[in-house]
């Protein structure tokens, strides 16, 4: 049993008696030199590290032979090693305190020098009372090489083992009796240095003993610079010595190992000497093994998990070697007369096509996988299959522009999904304006959906650049039509699309002129500016020579000249392209703004795009100081009717044409009114009730946007103004309002357009005024008004009314719309004294909650609010 290893420091005040340590660790008296193998001789197995200790791997360096006087050695055999003795001429043997009886301290071991090793789980060396040979047993790891170094450590408690390099070989004045040609010397700390900054042990390899024995070798250890953080050192010029990285003070373990256990360092050659000025460095253990960086981590008490990331690579390498040697293969593929022998499991794991094919072949043959299968493929090139198999067995392959298409075609056909992604990723990086349409056609032909959508989106996004290339003039008619007719074609002006169509026809007029009308039909002619339409399109010879083309141009002219009839002219050509800035937007029209206690009217018209959360200005109102008007959208146009200006009730109707961004007068209403409601049913605009010249009016009329005519319909049963009106389930509903007495009218009135009849019910639950109404998911929502924050929900099927969630703000004279399945309440005023609200809030039916949204351009109330599709020019 080995002796107890104590951590306390011990002073050996006298040297040890010289004694001989045999290879097996027993004591002898015939020699004062320890025995090792000099050049290929036997090794001392007793130098193995004790259990629980991490050996200290050292890369040998070469020291010049110091100029010291030779002294005779007690043994002349090849087992002699270099002995380090004190420079003192006399050797005095004294008894050191704490040394057991019979053990004397060698005169070659200086005072305060102790044997040291480094445990695997500590960052400082622990000390032992035993010399190196007493730390071994004969049964400890027999046959182990003598490369484990004995470290002589001073008794300073602040020494920490690390590795670093120095420019010149250090020296030390104390003498140590060492066990191996490689020694490690730990310098002592200066007295003024604190223990928090550790120093490094420098490791050096002594040359083999010369033919004439030396009496002593003296190495002086100079003062060493302190360090605070790991720093890489320069690579030594010596062969076999690599770069050394100095570990930080928080390094775990002995600071010498960063990877797998290293083999013993090669012994130094006798003839090798350290060049003058060459730094001596320690090479760190390498991790570039066949298996890469291996990892061993603790997963429990007494349990460790070993991970070798390089294992799959090595397995593939071995399988590939077997494939090339046709060893253990069980599948033969014959393509174009060439035979390829592979492993069924390997190929089936990468290709769903071959997996299914192998399964069916095994079932049909009834071999049960016991005999080698043979598959003959006639729809594949042998070179392509060879490349695919190379990828399957190695995981790497060189792809270039020459083979990318054929590889992708084969990988897609045989369902090599991983390789398909590689090819798609390669081709994605190769997409340009000059080849994207060709890649698009190729992806469509081979049914590679991922590449198809990628190339399509790329080509649509850079249409102006693609239109300038020659490739677009060479694609087929069907591909050309599919490309330019797409709603997502990114173009700032439809004129560019028209010019591209004309260029494609003129590329080969003999065969393409017959498609002129078909191609012109995909151009959004109504979005071409009227002046360009009259001056350029009308004068094109291709257009003049085709009656069908002239009809398309005339349709665009009518669209510009008859804005009120656009509702009946809805075709694919009148639909704006989405990528050109067309979106469903919320438009705020006019209204009132409160500045202190003073109100003023607004003529500004703005729209909010929820896709990018931006506000855009539109054409301002063509009048000033008008209020209590009603606003409704029909198609993509906005109709503003009635109102009061300078105390005069008006019957004017203005139409905002979204395409041209301007306001135009249309036919007037037959009855002037303000504070009325307007809505759209079956393409016609209805104006309901309101406040006329002589008080409340029950008059109802509707406007035909095609004929630009108004006609009267059945009047309201109860004349009201400032009511809430909407369309739901084929009926028109009017909720509450203000009656002729100036009080809230608790009445619900409904109108059936097909029969031109009204009905009404009175209910105390309906007493709203100054509140809007909208329809969402078959329910009618009445927002704010006299109830401020309240939301009232009416179910037309059941005929009941219930309370909904309150809004975040009290809102009178607000407006509301429905967009993308949500209700948006905009602006309003808290009370008659103000303040006006400059924000919006949205109702989410799935959560039944209201959410505040970013602010509007300014606080506003008594304004109009509608939703249209707006063509917004970028920039």
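Even glycines carry a Cβ here, placed using N, Cα and C.
Annotation source Swiss-Prot lists compositional bias 'Polar residues' at 115-126.
If you look up Swiss-Prot, you'll see 131-140 marked as compositional bias 'Basic and acidic residues'.
Feature annotation from Swiss-Prot assigns domain 'BTB' to 329-401; the stated evidence is sequence analysis.
The region 'Disordered' annotation in Swiss-Prot covers 115-145 (among others).
The region 'Disordered' annotation in Swiss-Prot covers 248-291 (among others).
Here Swiss-Prot flags 585-635 as repeat 'Kelch 1'.
If you look up Swiss-Prot, you'll see 637-683 marked as repeat 'Kelch 2'.
What Swiss-Prot records for 684-730 is repeat 'Kelch 3'. For the repeat 'Kelch 3' (684-730), residue counts in helix, strand and coil come to 0 helix, 25 strand, 22 coil, using DSSP.
Marked as repeat 'Kelch 4' by Swiss-Prot: 732-778.
Sequence annotations record features per position, and here Swiss-Prot assigns repeat 'Kelch 5' to 779-821. Same-chain neighbours of the repeat 'Kelch 5' (779-821): 584, 586, 588, 592, 610, 724, 726, 728-729, 731, 733, 735-736, 744, 748, 763, 765-773, 827-831, 837, 839, 841, 843, 845, 848-850, 852, 861-867, counting only residues six or more beyond its ends whose CB sits under 8 Å from a CB of the stretch.
Sequence annotations record features per position, and here Swiss-Prot assigns repeat 'Kelch 6' to 822-870.
The repeat 'Kelch 6' (822-870) scores a mean pLDDT of 90 in the predicted structure. Secondary structure of the repeat 'Kelch 2' (637-683), assigned with DSSP and counted as helix (H, G, I), strand (E, B) and coil, comes to 0 helix, 24 strand, 23 coil. Most Cβ pairs under 8 Å with the repeat 'Kelch 6' (822-870) belong to 585-635, among the candidate stretches 585-635, 637-683, 732-778.
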